[in-house]
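Written below as structure tokens is the structure these notes are about.
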Amino acid sequence: MTEQPINTKKKNGDISKAPTPQNTPASVTNSYMRSKPPTVSTIQESNNEDGTGAAAAAGGLANNPVLLSMIQGKLGDLVGKQSGYIDNLSKPVKNRVYGLKSLQLNQMKLEAQFQKELLELEKKFFAKYQPLYVKRKQIINGELEPTVEEIEEGQQLEEEEKGIDKEDGEEEEEEEEDDEEEDEQGIPGFWLTALENLSTVSETITDRDSEVLSNLIDIRMEYLSTPGFQLIFEFKPNDFFENQTLTKTYHYQAELGYSGDFVYDHADGCEIRWKSKENNVTITIERRKQRNKTTKQTRTIEKLTPTESFFNFFDPPKPPKIKSEDDDNDDKLQDKEEANDDDEGEEGDEEDEELEARLELDYQLGEEIKDRLIPRAIDWFTGDAVDFDYPELEGEGDEDEYSDEDGEGDSDDDDDDDDEAAGSQKQPPPECKQQ
């Protein structure tokens, strides 16, 4: 019988509706915004519905692709260039700038040393976690029962977190003892439930994936000798694939990034040895019959189509190769020769954006499983980690609804604002806030 995930998810507000934090200056008393309103004069726009001037300008550029290409090229050359302010500084000031660069270089060397020592410290304590993770695996799979002391400590923690009285807890415990099943071992569906409570991962899990993931008995991690880590998914014998473990390895670059952190380089997956095409949840099979017009014989044709699946996680996308300067120059020449082929350029941009999104999601999944799921697996199973994840969402849904209503009400006054004189002055706002 297929184990089903336990529904422990708790309802939360939509995170997309969370308000954007604002940084308010400590004081705006001396701000010019308080002393007087902006003095830029306004220009009364004519009510020319035809928009003849703008349309004529746009039409002129559209009919002159050479001029349009020249303008775009000039604007593109300006991107990323400095204004020249540093070059025009006096020599003594430049020397001070060089001195600050030297100080920053020494600071970055210390940051690199800090990150390397921090990684070694993480590895040291990770080794101390291992006996606890081994015992967790044994309890989940029914190989070991927790001690009386561990049960009492866990009950006390739950009572403190949820504010349960001891007497009420004892009554609930008696009811649970009456419903106990002696044949049930371990915690069924533990890792499937924990994964489905982790929102980023749950979005990649399909119904077919759930049946496979119900055979998952452990998720663990190992550090590499080089910067990076490996995720290990262990399964009990099942009808889907022959592998006992599936691995995903993340590699970082040897050199630290500008911010002083390790920079992601690439990821390696593993080959899943599916027992049959029907059990491969990463594809869909479409079968149709064809009849030969001459011999009248029929044959069955199969079409295998890749489909969305959590198990695509073990076949990660490959980042694009870094191009050399010679390759960039060749690309520029090729771009000039193919300037009129806009459709192919747009398709290439879309493919690059899609690849970038896939790489970002793949890295995010690995980091969340490593940093959030494995250390706090029991909280993701019970759903408690969901509340710790987004505590600020509680009670903010109504505020968003009221703000939407205010926005609709303000639209009624738009016509009145348009009738005001262009030169009239308005009082400055009482406070300036920056987003």
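Counting starts with 1 at the first residue shown.
Including glycine, each Cβ sits where the backbone N, Cα and C put it.
Computed from a predicted structure; not experimentally measured.
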Record feature phosphoserine (Swiss-Prot), assigned residue among Ser46, Ser403: Ser46
In Swiss-Prot, the member of Thr29, Thr193, Thr249 to which phosphothreonine is assigned: Thr29
Candidate annotated as phosphoserine in Swiss-Prot, where the set is Ser31, Ser90, Ser214: Ser31
Three-state composition of the compositional bias 'Basic and acidic residues' (356-374), taking helix and strand from DSSP: 18 helix, 0 strand, 1 coil
Same-chain residues at least 6 beyond the ends of the compositional bias 'Basic and acidic residues' (356-374) whose Cβ lies under 8 Å from its Cβ atoms: 133, 194-195, 198, 200-201, 204, 219-221, 229, 231, 248, 250, 264, 267, 313, 316-317, 319, 380, 385
